[in-house]
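**Q** I'd like to ask you about the structure that follows.
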Amino acid sequence: MNSILVAENISKKFGEHTALSNVSINIPKNSIYGLLGPNGAGKTTLIRIINQITYPDKGHVLFDGEPLAPEHIATIGYLPEERGLYKSMKVGEQALYLAQLKGLSKADAKKRLEYWFERLEIGNWWNKKIQELSKGMAQKIQFIVTVLHQPKLLIFDEPFSGFDPINANRIKDEILELKKQGTSIIFSTHRMESVEELCEYIALIHKSEKILDGKLKDIKKAHKNNVFQIGVAPNNTAVDLGSVLQEQFVVKQALYNREDENWELSIQLPSADTSHLLASLTTYGNVNHFEETIPSANDIFIQTINAKSNE
Amino acid sequence: MSKLGLIIKREYLAKVRNKSFVIMTFLSPILMVGMIVLIAYLTKVNDSESRTIAILNQSDYFSNAFTPTESISYVSFKDITLEEAKDSTQSLDYYALLHIPKEDSLEETAESTFLYAKDNPNSSVLNRLEGIFEQRLRQARLQDLGISKKQFATVDTKFQMHAGTFKGEENLKGINELKAIIGGGFGYLIMMFIIIYGGFVMRSVIEEKTSRIIEVIISSVKPFQLMLGKIIGTSLAGITQFTIWIISASMLLFVALLLLNIDLATLTQGQPLGPGAMAGMGDFADAKNQKMLLYAAEFFKIPWVLIVVSFLIYFVLGYLIYSSIYAAIGAAVDNETDTQQFIFPIILPLMLAIYVGFFSVFSNPHGPIAVGFSLFPLTSPIVMLMRIPGGLGEGGVPIWQFVTSIILLILTFLAIVWLAAKIYRVGILMYGKKPTYKELFKWLKYK
């Protein structure tokens with residue numbers, strides 16, 4: 001597979017504390033890769049290793065096929081979770097400074113900044129000081145500075161924090177647009193709905209170990225547990241379908257709600273075979289809803305972590 | 001521009017554009033000159049106070065002995081009693097009353113003379129009066145012995161031991177102290193610079209931590225580059241400030257002195273000598289001028305080039321050592337209040353260098369303490385500079401000591417910067433931890 005980044009058997013200790021233990025990930029080119037895990041799992045350490053802020057004790061990282069080296073810094077864009085700007089510096093000056101540190105020439109940086117300031121409608125902020133801006137405004141500057149040097153790999157750590165819903169959406173669209181242009185993106189967040197929306201691949205890190213990774217679709221498929229949402233328009237309202245089915249299957253309240261006259265239930269089957277259930281349902285009425293429940297990223301996250309913790 | 005260059009430029013501009021920096025830069029010389037002018041002015045006012053002394057001379061001696069000076073004038077009472085004279089002195093608000101009673105001989109007259117004043121008479125007044133009496137008594141005794149004034153002048157000799165080095169250079173009294181003061185001045189400058197600008201470096205690091213920009217920046221540059229750029233940028237701002245201070249302060253001082261018509265010579269000479277001493281030295285005026293010339297010659301013989309060159313060496317190395325420690329402290333803490341426990345151990349060697357260095361170099365520039373402190377890397381930038389004005393090589397600082405101290409300083413510089421960079425690299429990414437020395441030691445072992 002053509003990968004932008006391969007990390008192999010990465011281990012990292014801080015004194016007695018193990019931050020990462022034998023973690024391997026493989027990030028395909030031009031994908032959005034979700035790096036998930038509870039607080040303190042080791043995500044930030046992994047990201048810092050990719051950014052060469054710290055170095056692994058063991059293992060190695062390949063960037064675009066080559067061993068990770070200082071010159072790759074210019075082709076990576078990183079938006080850290082703990083982010084800020086110099087408070088007393090002017091917006092334009094500061095953006096120019098950070099862009100130049102990434103290796104852009106001053107003229108180049110200025111041209112691109114003007115484009116992005118225009119694009120995100122903040123052109124008139126150039127001479128404002130950061131301390132005069134709101135948090136969301138400062139986040140926009142951060143975002144621009146991260147993507148300005150057109151990196152091959154973008155790393156976003158909680159990119160939407162501090163944004164109102166409208167601007168968060170705006171930034172999400174920009175991220176998707178960047179992906180369309182061929183950028184690979186690592187996305188670290190706790191907000192599962194944005195994982196669902198954006199990520200094709202995910203890796204789940206828990207207590208310094210990677211406990212799950214792969215294509216989100218495949219993971220979801222693998223985590224299906226034969227739960228179906230059913231709806232039946234009853235022939236005979238005197239019968240309680242729920243208690244009848246309970247003798248054979250695990251029955252719960254349905255996760256959807258369509259109309260009052262319906263029997264609506266959530267049913268877990270012992271296997272993926274649905275013929276038996278369907279056959280019995282038709283005897284009680286007209287089946288008007290039958291859908292397999294695909295677990296959400298959130299469910300998978302909680303399930304996997306809990307399973308691991310109970311081991 | 002290289003990344004280091006960019007960082008230096010930003011740090012420099014951030015410092016120089018800071019409002020409080022600008023205010024300090026331009027206000028300090030005015031304050032300093034204001035202080036000097038005020039002191040000079042007050043001294044002048046104090047000196048120009050004129051005192052009147054009433055004299056009740058009932059004797060046959062001392063009739064023309066009292067010639068008024070700038071600060072003392074005399075009034076003679078005639079044909080009144082002592083009691084009346086006392087009353088008049090007080091009612092006329094004169095400074096004092098000098099009573100010279102009638103006695104048989106000059107010696108006895110002098111012995112019974114009494115000075116009445118409201119409270120303890122000023123010592124310069126007393127000195128002056130005593131000088132007059134001494135002179136008269138000396139003359140009288142010489143006459144008794146049958147020696148003329150002229151004869152006396154030929155015998156009255158002042159003697160000064162000529163001392164010099166084996167190489168034949170003449171020594172002058174106090175020149176060692178003068179040299180130590182010059183060297184000490186440079187050493188003091190280094191200490192002030194380290195404390196002020198080291199503090200700036202530290203605060204700047206803390207600001208980057210609290211504003212959370214640090215991780216954004218070190219994903220682009222190496223922490224070491226950032227630390228070095230910060231130290232260099234801040235020190236360039238400091239050099240700018242010092243240059244502005246020196247230039248503007250000397251210009252202001254010149255203008256102020258010109259406007260207020262304060263003679264610089266009176267300031268530097270200090271209190272004028274008492275008349276007694278002057279009387280004896282009058283004949284030696286030429287000799288004294290010669291002496292001044294010798295001092296001036298010695299002053300120019302001080303190895304200024306060597307001083308300036310070693311000042312630059314010691315300044316750069318000393319400042320880099322201390323400011324990288326300051327940077328590491330800034331990285332280790334979350335706010336300035338946590339820095340206290342780490343700051344004290346830094347200030348201590350600096351203070352020791354200034355005070356111990358000053359006293360030991362003053363009394364013996366080549367004594368064991370002076371040598372020890374000028375070799376120890378944390379104090380050598382200051383103490384060696386105090387010794388350097390005495391020259392290098394024979395009679396001055398032995399070359400091996402000079403070289404050893406620089407080598408030690410360079411080695412220490414490398415070691416400290418390496419350690420500081422390690423602490424800095426770990427510290428800037430640590431939040432919410434109050435570090436202990438034990439913790440810092442652990443950080444050194446992180447990869």
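The first residue you see is number 1, and the count goes up from there.
Placement of Cβ uses the backbone N, Cα and C atoms for every residue, glycine included.
Pasting the feature list from TrEMBL:
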DOMAIN    B:19-421  domain 'ABC-2 type transporter transmembrane'
TRANSMEM  B:21-42  transmembrane segment
TRANSMEM  B:180-201  transmembrane segment
TRANSMEM  B:239-260  transmembrane segment
TRANSMEM  B:302-322  transmembrane segment
TRANSMEM  B:342-362  transmembrane segment
TRANSMEM  B:369-388  transmembrane segment
TRANSMEM  B:400-421  transmembrane segment
**Q** Given pairs 6 or more apart, does the transmembrane segment (B:180-201) have at least three Cβ pairs under 8 Å with the transmembrane segment (B:342-362)?
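**A** Touching, yes - the transmembrane segment (B:180-201) and the transmembrane segment (B:342-362) meet the threshold of 3 or more Cβ pairs under 8 Å.
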**Q** What residues in the same chain, six or more past the boundaries of the transmembrane segment (B:302-322), come closer than 8 Å to it by Cβ-Cβ distance?
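**A** Residues 179, 182-183, 186, 190, 193-194, 197-198, 231, 235, 346, 350, 377-378, 380-382, 384-385, 388-389, 391-392, 402, 406, 409-410, 412-413, 416-417 contact the transmembrane segment (B:302-322) from elsewhere in the chain.
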**Q** Could you give the residue numbers and ranges of same-chain residues that sit at least 6 residues beyond the transmembrane segment (B:342-362) on either side and whose C-beta is under 8 angstroms from one of its C-beta atoms?
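**A** Cβ under 8 Å, 6 or more out: 176-177, 180, 183-184, 187-188, 191, 194-195, 198, 322, 325-326, 329, 332-333, 369-370, 373-374, 376, 378-379, 381-383, 386-387.
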**Q** Using Cβ atoms and a strict cutoff of less than 8 Å, what residues sit near the transmembrane segment (B:369-388) while being 6 or more residues removed from its termini?
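**A** For the transmembrane segment (B:369-388), the far contacts come to 180, 183-184, 186-188, 190-191, 303, 306-307, 310-311, 314-315, 317-318, 321, 349-350, 352-354, 356-358, 360-361, 396-397, 401-402, 404-405, 408-409, 411-413.
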